[in-house]
Amino acid sequence: SLVRMRREGEEDLTLEEKAELCSELELQQKYVDIGSNIIGDLSSLPIVGKIVGTIAAAAMAVTHVASGRLDIEQTLGGCSDVPFDQIKEILEERFNEIDRKLESHSAALEEITKLVEKSISAVEKTRKQMNKRFDEVMRSIQDAKVSPLVSKINNFARYFDTEKERIRGLKLSDYILKLEEPNGILLHFKESRTPRDDSLQAPLFSIIQERYAVPKSIDDELAFKVLYALLYGTQTYVSVMFFLLEQYSFLANHYYEKGDLEKYDEYFNSLNNVFLDFKSSLVGTGTSNNEGLLDRVLQVLVTVKNSEFLGLEKNGVNEMLNEKINLFNKIKVEIEGKQRMTLSETPENFAQISFDKDITTPIGDWRDGREVRYAVQYASETLFSKISHWSDPVGVREKACPTLRMPVDQTRRNILVFRKFDSSKPQLVGEITPYQSNFIDIDRDLYNTANNPDSAVGFKEFTKLNYDGANIRATFEQGRTVFHAAAKSGNSRIMIGLTFLVKSNELNQPDKKGYTPIHVAADSGNAGIVNLLIQRGVSINSKTYNFLQTPLHLAAQRGFVTTFQRLMESPEININERDKDGFTPLHYAVRGGERILEAFINQIRIDLNAKSNKGLTPFHLAIIKDDWPVASTLLGSKKVDVNAVDENNMTALHYAAILGYLETTKQLINLKEINADVVSSPGLLSALHYAILYKHDDVASFLLRSSNVNVNLKALGGITPLHLAVIQGRTQILSLMFDIGVNIEQQTDEKYTPLHLAAMSKYPELIQILLDQGSNFEAKTNSGATPLHLATFKGKSKAALILLNNEVNWRDTDENGQMPIHGAAMNGLLDVAQAIISIDATVLDIKDKNSDTPLNLAAQKSHIDVIKYFIDQGADINTRNKTGHAPLLAFSKKGNLDMVKYLFDKNANVYIADNDGINFFYYAVRNGHLNIVKYAMSEKDKFEWSNIDNNRRDECPKEECAISHFAVCDAVQFDKIEIVKYFVTTLGNFAICGPLHQAARYGHLDIEKYLVEEEDLNVDGSKPDTPLCYASENGHLAVVQYLVSNGAKVNHDCGNGMTAIDKAITKNHLQVVQFLAANGVDFRRKNKLGATPFLTAVSENAFDIAEYLIRENRQDIDINEQNVDKETALHLAVYYKNLQMIKLLVKYGIDMTIRNAYDKTALDIATDLKNSNIVEYLKTKSGKFRREYKSSYGEHSLLQTNKISSFIDGKNIEHDHPQFINADNESSQLFSDTASNIDVIGPLLLIDVLIRYFSKQGYISKESDSASDGITQAAALSITEKFEDVLNSLHNESAKEQVDLAEVHGKVYAALKSGRNSQIHPILCSSLKSISTLKPEDMEKLGSVIMNSHS
């Protein structure tokens, strides 16, 4: 790594090298993000020049140390320099970029710019997140076919990112030159969409066409990596388009502002062509044979998402796929929704020019002898055309302000009109509306007069033009009017005239950036105009759109004292108004200088300690600006809090220390109110910490000598200034600390001493300095590490040798049981290893707590020289750690043939295996290292693959299997087709491991095709269970389709009478089932349990498959079919307690009364299983309850029906009714013969009467409850049945669904059984209450009808 390759002690790293160094420590992206995000946070900071980058860097540097503690290892890696230096550089570039973007956009380009910035933000955000991971993908892909394609994607993406960043921070002139280079980056990126070999499009389409990005199984690591590369490349492709649009838009706008309309047209045209070309590539042309890249990538994503082998919800792949599908769909919609970037038609210049107005020259730009030309541009909503050619020149002679006559545009577009005198810069002079044919060129001249610095001439011309009809409300660049122009020039006579021509509210008219005339006047220092506008009642506190600045902010920033005074005369002025970032006008006044500050300080309402959103006060800014006169002016108020802290708890002194301002630091320290030991939050860093951290030795030395500075103050993690001085290699500061008696054994919270830090640092010379001061070289950290440990484990060879020369203890062990020799081995420090072994050779085979010897650690890291040295010194070549890993296994896994040969020659045990039984040969096979496989096969005197391998006996339980068996199995399982081919041709025996079956099991279609098509293997194999059985069981649809299309028998027995479809059903592979169903499966075939595929689906709880089979009615499936035990699907669903399946079967009409071989219905089984939910559901859906009780109690126990009339005639209902209501156990008797002949019906009106009657006659004997249980059940059933008849008569399905009949029956039975007969009436009535819509008189009629119908 770079950390190890860099010469120790070398300090002059470039910024790029530092960035690379810290990238290894995973810091780089954080700093880049800080640099980007700070722009928004401090966008309106009232400080200019490079100081902006400096303050931003200083403010955000606290992030480097605030995430919990100052990361010692990151800082020691040199990264402490990166936050400050790099953030400043990033910010300077970003501010250059912002300066370019703040230039006014032409109206034609504003919408394009918005679209590009919006879209590129979404794409680039996720692309940056993928960037680092893509490096890992690149390193791990070694496939000969795929690697070149992925490498092309990587090379292009890196070039794109590098060039984009390289031009980003250029100054305007350099930026333009770079973009306009012949055959430069714009041309190269445009060609990225062509099929050229070095383009980006070529590898992307190759990956898609060859299906390299479609995994064949969950273990298809290569395909998943290629998929990642495809997504990364596609997002890069989209980013390239938006980058090009951004640059061509910028160039067009640049030349528009310069007035070079020919160049404007050229880049405007390029802008549209780029969009249309990329649009065609990305979303196609709309024809079926021309799909765009996005559609093809989306198809790949959907294919992967729908792969049945993916346990998507469990491994996070599903979330990633959905995110990318949504992103690409969003981009596609965005691009498709934009037909083109510009109007395709370039307008013809039909202008006929005549001087009809009596306006004589000279006036404004109109001077005799000049020539004037006009050009036009179409504008339609957000689309604009190119600008037309210039009209023929017309000489100016005595008259000005001509009339242009143009035909009305038939498509009703507006027309922008441009004017150019001689070779001067063109100007937009107006806009012609769709129905307007005449245009008088006068409004722009009125606007220009207001800008005339000669106020007398300007006013005279203004009066003339206004009199001749010029429009004072006409708008020009950035939406500015004549009011803005007069405010900027300070022409008070014109402004006075304007105030009499319009209402006061029009004087508040903002331009496109929110600047009103009073903003412009304040920013220009035109106090008289400000005063005039205030008198006319304009809004004094109005704010600009972007930064929310008031006129007072602008005047303060410019230092315009008189303008400030005029503004302050308004009683409505808010002197403490905040801008977007919370800065008040006083903050801005820091830039304006001492005079404007004094004016502010004298105001009663001023808040001298006002804080911005980030907590910065004006005093902070003065110190950051290193402007002591301004700071002194603020201090003169006697009200400034010199210890005020920002959001990171940083004072002005912190910033002075960070920025290295020695004289300002001295001034601050001399203030009696200063607290020099305030610490930042949460890093707890003092000003002294920061001075050392940022290597300002003069400031640090001054603070160390200051009496009111605590030199031993601890930051978060227990880091003192001494620790930082060591980390940063500040020898001068260390000497001073030694002189003033600082304790050199100070420890951090993790017990790092200065010597520990020196041993890890890039300043090894500090080690001897500390040792000379008496530092304890045997001190240990919390993890048990000595300085020598840290030197070796951090790869610091020079530091380790210095310590060894001072006779430190080389046998100390840390918490992992490791000695310094282990660290030297792990980091390839040959010289250190030699030095230790020369002192003590016994450490050669010392094992740590993981049983790793130095040799094993060196092998794991591939440090060849160290390995050979250890072996030459007699190290155990067959050493194994706790997981069984040995040197030979490590190199075979990595594919290092030379080292495998070396270890063979050194008589390593070639049959040594890890704890999983994997030897070097299996590792070579599994990782596709054919060269090692061939070498091993050639070394027959050392390695014989026909030997029995008992290390993997559990994988081959029925017999002893040879290495060859496991090797073939591994080659197939891990989809190493080249090794499979080698084995097959070498062995000439297809029986070993059954490669055809194994390929089907793991879904490796290419291997399957090779064996069938090139080796002529029978698709049904030679075993009872066919390859189709394996493929179906494991859900490999593509393999299933291939086998069937090549004649595989779909009804072949897979064992136990099961076929391929049964296998697919058992694992719930719906797509496989659907395919097999369409290709001749016998659905009537039964397995050994007598179950058809349908019954198997139910018993396996494969709901989707069961529903599919029923819905599709495959081969007239009988939903009531029974297995050998006469059980239906309903029985099976009840056994498995699958209520969802039960509801499905009931929905499709299964017979719930069928009894199995044990005379049980499904309801009986549910009852036996005591599953109340299923019992209640089946009871509710079983229709007439009578069927249930016939089987339980026999026909005799049911109530016999008869006509109601005999009962009605024989009883006085009205007379008996009160007694019925109170009837209970006391008056109950056995059910009489008379009652047994009553027809118990359930009309709504008679429910009450019937229940009273039953109550009076009695159902239950007081003498014997158990003896009457059958009768009670029958009575409850009869009542419930008649109640159900009532519900059925309503012809209201929703009403019937609201009543749970099983619940009603249960409650009625309970009431009867307990003798609470009077409760039956409210039970039934409460069930009816929610659905009854009949009034009492309607119920009486209904009862009468029903009674008559039963008579």
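First residue shown is number 1, and so on along the chain.
Placed from the backbone N, Cα and C atoms, the Cβ positions cover glycine too.
The region 'Furin-like endopeptidase recognition region' annotation in Swiss-Prot falls on one of the ranges 476-479, 696-699, 1068-1071, 1184-1187, namely 1184-1187.
The range from 4-7, 704-707, 744-747, 1312-1315 that Swiss-Prot describes as region 'Furin-like endopeptidase recognition region' is residues 4-7. Looking only at other Cβ atoms within 10 Å, the busiest spot among the disulfide-bonded residues Cys401, Cys1054 turns out to be Cys401. Remark: secondary structure over the repeat 'ANK 20' (1089-1119) totals 20 helix, 0 strand, 11 coil, with classes taken from DSSP. If one looks beyond the repeat 'ANK 5' (581-610) by at least 6 residues along the same chain, the residues whose Cβ comes under 8 Å of a Cβ in the stretch are 41-48, 547, 550, 552-561, 564-565, 568, 575, 616-619, 621-622, 625, 627, 629-630, 633-634, 636-637, 639-641, 644. Beyond the repeat 'ANK 3' (513-542), the same-chain residues lying 6 or more positions past its ends with a Cβ under 8 Å from any Cβ of the stretch are 478, 480, 483-484, 486-490, 492, 495-496, 499, 504, 507, 549-552, 554-555, 558, 560, 562-563, 565-567, 569-570, 572-574, 577. Within the same chain, residues 216-217, 219-220, 919, 921-922, 925-928, 930, 933-934, 937, 944-950, 952-953, 998-999, 1002, 1004, 1006-1007, 1010-1011, 1015, 1017, 1022 sit at least 6 positions outside the repeat 'ANK 16' (959-991) and bring their C-beta atoms closer than 8 Å to a C-beta of that stretch. Only residues 6 or more beyond the boundaries of the repeat 'ANK 13' (850-879), in the same chain, are considered here, and those with a CB under 8 A from a CB of the stretch are 816-817, 821-822, 824-830, 833-834, 837, 841, 843-844, 885-888, 890-891, 894, 896, 899, 902-903, 906-909, 912.
Counted with DSSP, the repeat 'ANK 18' (1023-1052) comes out as 16 helix, 0 strand, 14 coil. Taken together, the residues of the repeat 'ANK 20' (1089-1119) have an average pLDDT of 88.
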